[in-house]
């Protein structure tokens, strides 16, 4: 038990005592567990009992053998079962009669057979009971824990969710609760059983022969010294993994700058340490296994040597006693209990957090009945000196002594820069948080005294990014108010301007909106959310940037809907677009968490305060396109809200997916979700192909196999030695006997030493070959990934997260199909082969009998191993449905709290828990029966074979030691077989992983970077023509992005694309880079069709600067050098490029100058600095074509000026394509192309277009949306 004490010190996190794990057990559960324990106690004593029988049996055989020897001396005879000298030994040889009086060995064996069979039957029953009772009891407790945990989590206040990530909660709900399950289910009974075996073994040993027992204990204490080491390998891989993640997240940049080969080499360099660790681990494991075998054989040698002297010299023991005691070694194997202890420790660790959550009282309990409800609600809201900071960031004060009055029936607009506390105020009204000081009142009542569910039922909220649940549109609206009629739903939809588009859908109100509303456009989601808020018929309407994420057209529609519904309700609206605010009754200006001014639009303009600056910033130049960027200037923090609006629609999608891939996406679509889908589709790979990748390591595998073969032969050799020892006890001549015993004991030592070295050899050789294979596969896989066309990465199954997981796990699992698997097979074959040869050689009849039992023995040990893995998978599947509900609930907890729907989700979740519970009950019986069977089979085998052995000894004169030899040889080889079969799940997993890998390696990319085919030409001009290009993104085939684009640029000209979001501006740039090929029409460069041009040649002529430049986690100089990966770049070139990009002075001011690390994704630098590095990177390529995709939009005015100058310098003498939202950056272009819906509607120079008075003119003069 000291073991557990140490565990406690290592993991201070375990604050749950072992017995506290059972705190949710009912009396019935406790009864089941107690009975289960009793069964386990009895079951545990069976093995030592079997030793007693075994000892008696051996004595019977030896006695019989000695009698036979005596009688073979013709001068003796047997009278009344005693052997004596014949009275007249010269008389005739009538020995035939007296022999009958000898020990009736067959009858004795019959008795022993009954003992064995009896113990076997009892073991079956006890094994079944102990497992099924414990598993059943655990299933009930776990179901309860799941219910309690989920319902408690759903009751937590929002602040708690700020401090706890959703991903973490999801893993806790699945993995941690499963860990508790492991700790309180069958493992307990197995531990009790093994511990009893251990204790009983000792008792038997001490009772039967304490001297020898002490000697053995002294020797085996060595064995307890080995239980260490793992997990370093994964850490070692982490470095390479982060490289892979970084590269895959910024695949477009890598492709644009042709950095694929460079990245593959960088990745490979980082794989070395992972490989070293893997090999070291193999060596250590080999060493420990070898050491264990060595100790075991030394122990046997010692035991037999010392024990035989006790038998022969001092006559203290019978040979049977010696056997009983020496076999305590096997009974004493406490090591078997260590996985149980591990399970207990991890269960207690997992329970710590879960139980603490269950016990935690939420600060704002949304399900409590407490608090009173007002009879009539007017809707006056007031903030009195409210001070607040978020629990997750206590050091940042968000609201500081805020005082605001919101009158009922009025529309109040909150304006101010980002981070001023507008949204926070709204969350306080919903009582998601309580203020630290001051109070919020509704009609003069402090809202903390009101019933939460009732309070929230008065409030309708429409957020910036509305959350829809994965069900139908009608159900989503119905979430607003339970039990609402279809008529009300339709009315609400009409009010929200959603009715028409819903009726246009094929399934109308029964259309599924997809996970997170993914099937709907932003405007549609927003209107459904408004309908959901309206159906509540709320007294108070909160609009938090409700239209900001929309394009201009949808905005107009949604805005109209909102204006309709504001009438007669208390409305608070937060917005950044002034058009939406002008007509509010009261405008409140926020700054630094205080309300600094309030009044109507005109009054505030005269005050020249916060509101005035916001307005003037926005009204300069072209409002429609300009305004978001300006805002972001007034609030550097507000980037997220504002850039989202103004980045173009497609880029917005991809970039936001890219930016979010880390956090939200992993929540929205759990990563394994995609991996699971692929599982079914993949045919396991052929072993031959896997081995082909491993061929360079054949010498390692050969030596490993030799080692494995020798290791396999060790088991049967042991049984040979063991039976040889028994034979010595019936030798009559003491000198010969002593000599034989000594030589056998010496042989034990030799076998031990040999086995030590072969284990070491096997461990090292196979881990070396396996790790080399893993490294090779990782490199090839990574190379194949980088070679895919960009469209392949748009598929959510190939998100950076999924791909890096694939590199990390699949590649390391594949080695399970080569080295270790071959070792296992060779080992088992050698084992069984040697055993069978020995057995058939000594007694073929007995061998045939035992072979009948062999399949069962193998099955049983294999079964025990596979049982655990098999059930885990079923449990996972059963929990899937519940997991989906919990995942959706936790991801959208704010929405659910706002709608007061916590109870509904808890009920849905509990309904889903029944299936896993039923599955667990079924499992309990199956698992119990199988466990009982696997435990009792060995007793039955012994019963049958010793009975038959007795018959052969008596009737056919087989020497008794051979009976032992044959039985133990085959039984040990049977268990070995089982061990081997337990490795098969790894093998199957390995083949599937390999198949997934080969799928990747075999995929032929549509646009290949690695091949050298394609046209190249010398005097590259940079003449670009788009001819009738049509295009849709492969990941969204239903949205036509380009509809026949026609535009051309002469060398050295600048072409500017303008147009609203989603009109295809960035797409045309991506076609030019050949990230995609047009579905129809063609892109010509210098008259060559891009689809025929060599990809890397084409990309090497193009430099790109995009809106969110992606930098790599290395120094500034290396980032700039990344611009040209085809040659070595001198530092002078880097500096001259930096000067051109207005970057040099800034870099020289840094302490480490050009060696400054930019941090992951360039996080150490400001936006303007990143942008200039990106420009230097583009310049160093000396490209003929320069693409500027919104290169200055994310900057504030000063950085913009600098960057703009740098760009103007860079444009000289190059063909240039500019995409921008600010007209100032476009005016001096040679050609301006106005795009809408994927086609060019007007083109020409600035002055021509102004003269045309068409779309461009309108855009410049009014800033109206381009439609």
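Each residue, glycine too, has its Cβ placed from N, Cα and C.
Of the given residue ranges 259-282, 283-306, 307-330, 331-354, TrEMBL assigns the label transmembrane segment to 283-306. According to TrEMBL, the feature transmembrane segment maps to residues 30-57, out of the candidate ranges 30-57, 58-85. TrEMBL assigns the feature transmembrane segment to residues 848-871, out of the candidate ranges 848-871, 872-895, 896-919. Of the candidate ranges 141-158, 159-176, 213-230, TrEMBL annotates residues 213-230 with the feature transmembrane segment.
The domain 'ABC transporter' (381-617) shares the most Cβ pairs under 8 Å with 702-989, out of the stretches 34-346, 702-989, 1024-1262.
The average pLDDT computed over the domain 'ABC transporter' (381-617) stands at 77. Using a Cβ-Cβ cut-off under 8 Å and counting only residues 6 or more beyond its ends in the same chain, the transmembrane segment (822-842) has close neighbours at 701, 704-705, 707-713, 715-717, 719-720, 762, 766, 850, 962, 965-966, 969-970, 972-973, 976-977, 979-980, 983. Taking pairs at least six residues apart, the transmembrane segment (30-57) and the transmembrane segment (283-306) share fewer than three Cβ pairs below 8 Å and do not count as touching.
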